[in-house]
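Database features, via TrEMBL:
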TRANSMEM  78-95  transmembrane segment
TRANSMEM  101-121  transmembrane segment
TRANSMEM  128-145  transmembrane segment
TRANSMEM  183-202  transmembrane segment
TRANSMEM  214-235  transmembrane segment
Amino acid sequence: MAAEADGLLKRVLVPFLLPEKCYDQFFVQWDLLHVPCLKILISKGLGLGIVAGSLLVKLPQVFKILGAKSAEGLSLQSVMLELVALTGTMVYSIVNNFPFSSWGEALFLMLQTITICFLVLHYRGQTVKGVAFLVGYALVLLILLSPLMPLAVITILQASNMPSVVVGKLLQAATNYRNGHTGQLSAITVFLLFGGSLARIFTSIQETGDPLMAGTFVVSSLCNGLIAAQLLFYWNVKAPHKKKKE
């Protein structure tokens, strides 16, 4: 019975949370304070938690836009640049065979971000342009994931993430400052993105060892922190209601 329980535990933990050598370190040698294996366990746990949380991160933003039937206060250029950064991270990670726990949230955030892009265009009266954008993005993604795409191009795309993130968030910050409020920005989404990017600094160093990935999340954390600070600053400021023309 004990052997069956041990086998079940091993199937659950290896390789999703622990490599086999760390499982043996913890549950055979009972060395529960083995630092290298603890780092792996914490990193894997954080990574999978971030991936799971990313399924819901931007849904509050989507529902807020749908509820208000408006995307006022959202910078379309900022959202699109964020989509570029997410796409770069996802494609770069897939091509380099990084563990899903180190980048999986990029996939789910990409799907939610492209939905927000479409909604912004839709509520600006540009639904046809929104549909064309969705089709165009799908084609670009297929090309990027094609075996014919040179690795150098993918690496350049990932390297462009830092300026994309910085410019995108600065555009949103400028929109907030110019409006004097944060409009339909969702506080839940902004704070979850800020917390997730901070945690990703540790997990990207631990799981990929890629300085380009880690650097991207450092920059992303700083930029998300700026937007979070603006949300707090404009917390009690409401967007003015536009009067309908009679």
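Along the chain as shown, residues are numbered 1 onward.
The backbone N, Cα and C atoms fix where each Cβ goes, glycine too.
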Maximum Cβ pairs under 8 Å to the transmembrane segment (101-121) - stretch from the list 78-95, 128-145, 183-202: 78-95
For the transmembrane segment (128-145), distant same-chain residues with Cβ under 8 A (at least six beyond the ends): 83, 87, 91, 94, 114, 117-119, 121-122, 154, 157
